[in-house]
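Asker: Dropping a structure here in structure tokens format, bear with me for questions.
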């Protein structure tokens, strides 16, 4: 009787353990999934021109940021993918923040105005750098006025 109880306990522990059985092993072993690189986050927004920054945040170079709108519905699918993603732009604001649009820094939960994201050259259109262009675009002017009016980091939460 004690041998059958011990055998039953061992079989029970094996059934509930996270061992890699032959039928469900990923290629390369059970640690292979952790070795994969960080991928680009899903595209979103009108014409798939933006990238997901969180489950309900979609930002793009020419779009600005959409929060909690129908354009962000696709971003919710990012939660179901097994590998992590990283959006473009340089780090800003909090530890997990990234420059999402000109003057906007987003993490997975919120976005804040950040003047450091204004100076990033990847967010300026080629027309702004042409020989005949001496003033800012209307969007940049509006963003600077908004930043001036808020005087600091105004946080927008969903």
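The chain as shown is numbered from 1 upward.
Positions of Cβ are set from backbone N, Cα and C atoms, glycine also.
Below, the features straight out of Swiss-Prot:
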- 1-19: signal peptide (SIGNAL)
- 20-25: disulfide bond (DISULFID)
- 28: glycine amide (MOD_RES)
- 41-85: disulfide bond (DISULFID)
- 44-58: disulfide bond (DISULFID)
- 52-75: disulfide bond (DISULFID)
- 59-65: disulfide bond (DISULFID)
- 92-105: disulfide bond (DISULFID)
- 99-117: disulfide bond (DISULFID)
- 106-111: disulfide bond (DISULFID)
Asker: Per residue, counting other C-beta atoms within 10 angstroms of the C-beta, which of the disulfide-bonded residues 106, 117 reaches the highest number?
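Answerer: The most densely surrounded of these disulfide-bonded residues is 106.
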Asker: Please give me the disulfide-bonded residues out of 41, 99, 117 that lie within 10 Å of residue 105 (disulfide bond), comparing Cα atoms only.
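Answerer: Qualifying among 41, 99, 117: 99, 117.
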Asker: Spatially, and counting Cα to Cα, which of the disulfide-bonded residues is closest to residue 117 (disulfide bond)? Options: 41, 75, 111.
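Answerer: The smallest Cα gap between residue 117 (disulfide bond) and any of the disulfide-bonded residues is with 111.
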Asker: So, three-state DSSP: helix, strand or coil for residue 117 (disulfide bond)?
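Answerer: DSSP assigns residue 117 (disulfide bond) to helix.
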Asker: Expressed to the nearest Å, what is the distance separating residue 99 (disulfide bond) and residue 52 (disulfide bond) at their Cα atoms?
Answerer: 12
Asker: Could you check which of the disulfide-bonded residues 52, 59, 75, 85, 106 is the closest Cα neighbour of residue 92 (disulfide bond)?
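Answerer: Going through 52, 59, 75, 85, 106 one by one, the closest to residue 92 (disulfide bond) is 106.
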Asker: State the three-class DSSP label for residue 92 (disulfide bond), counting H, G and I as helix, E and B as strand, and everything else as coil.
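Answerer: Assignment for residue 92 (disulfide bond) reads coil.
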Asker: Taking each of 41, 44, 52, 65, 75, 85 in turn, which of these disulfide-bonded residues have a Cα lying within 10 angstroms of the Cα of residue 111 (disulfide bond)?
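Answerer: Cα within 10 Å of residue 111 (disulfide bond): 65.
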Asker: Express the distance between the Cα positions of residue 44 (disulfide bond) and residue 52 (disulfide bond) as a whole number of Å.
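Answerer: Cα-Cα, rounded: 6 Å.
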Asker: Which of the disulfide-bonded residues listed here (41, 65, 85) have a Cα atom within 10 Å of the Cα of residue 75 (disulfide bond)?
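Answerer: Cα within 10 Å of residue 75 (disulfide bond): 41.
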